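Since the structure comes first, as structure tokens, the remarks are kept for the end.
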Amino acid sequence: MKDKFYELSIKTSNFYDEILELVFSFGVTCVEELDHEIIIREEYDLKDIAWGVEEYAKGLSSVRKISNDLKISLNLKENKDWLGEYKRAVKPILVDKIYIRPSWEESLSGVTNIIIDPALAFGSGHHESTNSCLQLLQKYAKSGDTALDVGCGSGILSIALAKLGCKVDACDTDEQATQSSLSNAQLNEVKFNKIWTGSIANLEQKYDIVVANIIADVIFMLSNDLKKSLKKGGYLVLSGILNKYEDRIKDTFKDLELVEIKQANDWVSFVYKEMDE
């Protein structure tokens with residue numbers, strides 16, 4: 001562990017969800033969400049991310065003709081034990097019959113326990129999109145299904161699918177994410193059928209259920225590959241999407257059957273089905 005770390009504080013009311021979505025796309029490993037504030041902590045300099053956020057906010061302000069209320073600060077701090085402080089702030093969460101907890105918390109009986117520690121990769125179950133995905137997977141995934149997690153991040157959804165009895169493949173374009181997924185799988189005593197760093201382009205296998213909890217722009221880019229990865233009658237769960245993209249999602253996936261939409265604050269998730277012929 002290095003002696004110092006960088007802490008980037010991003011405060012905004014007008015562009016909170018958009019900037020949070022942008023931050024997710026940067027692939028940083030430790031994000032804390034507060035009321036109208038996003039805090040990023042890393043051991044490498046975050047000045048490029050700070051610049052990107054500032055430019056993005058300027059663009060949003062110009063296009064939408066609303067005030068730019070962004071306040072941003074970047075500080076170099078002594079690395080006393082910020083991860084320890086973060087641990088104290090992370091609480092377990094129950095999502096239907098799945099209990100997500102950090103390793104230092106006790107297990108909960110009568111439900112499926114998933115252990116996810118902070119600072120590995122995104123996905124602790126607290127964010128609306130991940131929470132919605134967990135609810136939807138419990139509803140549509142069946143034991144024995146083949147499943148694909150696109151953009152697996154921390155591996156929380158892959159692990160949930162495995163614990164639901166699915167045969168799971170997972171991928172992410174970020175090698176740190178795939179390594180985090182493998183570490184978390186080992187922590188939870190589950191195994192994936194296959195995991196790789198890369199995309200789903202030219203993927204030959206088809207699945208009973210495919211989940212993509214990633215930002216909307218990437219979903220649009222991968223839309224054809226996502227559709228091709230479905231078996232007849234298979235389910236596609238899309239999440240990580242701000243509600244402003246709802247109409248565009250519906251248009252992009254109109255050749256599939258829309259089964260369910262789940263709204264959580266400004267975030268929306270979709271369940272589609274590949275229609276049987």
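Even glycines carry a Cβ here, placed using N, Cα and C.
Binding of S-adenosyl-L-methionine is attributed by Swiss-Prot to Thr130, Asp172, Asn213, and within the candidate set Gly52, Gly59, Gly151, Gly234 the record adds Gly151 to that site.
In the three-state DSSP scheme, Gly151 (S-adenosyl-L-methionine binding site) is classed as coil. Among the residues Thr130, Gly151, Asp172, Asn213 said to bind S-adenosyl-L-methionine, no two Cα atoms are farther apart than 16 Å.
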